[in-house]
Amino acid sequence: MSKAKLAVFASGTGSNYDAIIDAINNGTLDAEAALLVCDKPAAKVVEKAKHNGTPTFVFDPKQYAAKELFEAKIVEVLQEAEIDWIILAGYMRLIGKTLLQPFEGKIINIHPSLLPAFPGLDAIGQAFDAGVKVSGVTVHYVDAGMDTGKIIAQDVVYINDEMTRDELQSAIQQVEHKLYPATIQKLISGGESS
Ligand code: GRF
């Protein structure tokens, strides 16, 4: 059987993209990084993908008159590449129905909090400012809402009184980099259902 083809969507640094590539290279994730989709031409993740030989679709949303138009183009590129799963990894846009409908149940996201707590932007800052003692990471299916889809996996990070915001961020990232590849592996091997 051919390997599951992943399209990773990212807008920034791409540390989760790196973790996925590492897991593929070390054999713990049996998939192909078939495409990187990025809406920020200057993002670091684009350089990383080029360096790794991951095909890219990089676009500037400002060049399109409406979201439906760039999403229709993305769908075309995904279908051309025969993508099985869309892996959102720091893609800073809500997915609209043009993209959601053809891939519903095949789009997942990682969020740096224990959803439903702290959805949306700067979840780490929100948790830190709220003074919670436990936060963590959530992998979930994507629906039309903001971080509202069905939860697939979570892992916790304990916050002690001495921890700075940066230390919390780095603890969260370490958990993300293990949880995301492991959850993707379970999904593609049929271990989790939508
Ligand atoms: C991660 O914290 C992820 O949970 C959130 O965006 C961040 C992306 O970081 N959705 P990176 O670009 O993968 O380093």
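For all residues, glycine too, the Cβ spot is worked out from N, Cα and C.
The (6R)-10-formyltetrahydrofolate site in TrEMBL is built from Met92, Arg93, Leu94, Ile95, Asn109 plus one of Lys62, Lys67, Lys133, namely Lys67. When secondary structure is read from DSSP and collapsed to three states, Lys67 ((6R)-10-formyltetrahydrofolate binding site) falls in the helix class. Spacing of Leu94 ((6R)-10-formyltetrahydrofolate binding site) relative to Asp147 (site 'Raises pKa of active site His') is 9 Å (Cα to Cα, whole number). Contact annotation for recorded positions (Gly14, Ile95, Asp147) versus ligand 1: Gly14, each with CB under 6 Å from a ligand atom.
Across the structure, Gly14 (N(1)-(5-phospho-beta-D-ribosyl)glycinamide binding site) and Arg93 ((6R)-10-formyltetrahydrofolate binding site) place their CA atoms 15 angstrom apart. Largest Cα-Cα distance over the residues recorded as binding (6R)-10-formyltetrahydrofolate, namely Lys67, Met92, Arg93, Leu94, Ile95, Asn109, equals 19 Å. Rounded to a whole number, the distance between the Cα atoms of Asp147 (site 'Raises pKa of active site His') and Arg93 ((6R)-10-formyltetrahydrofolate binding site) is 11 Å.
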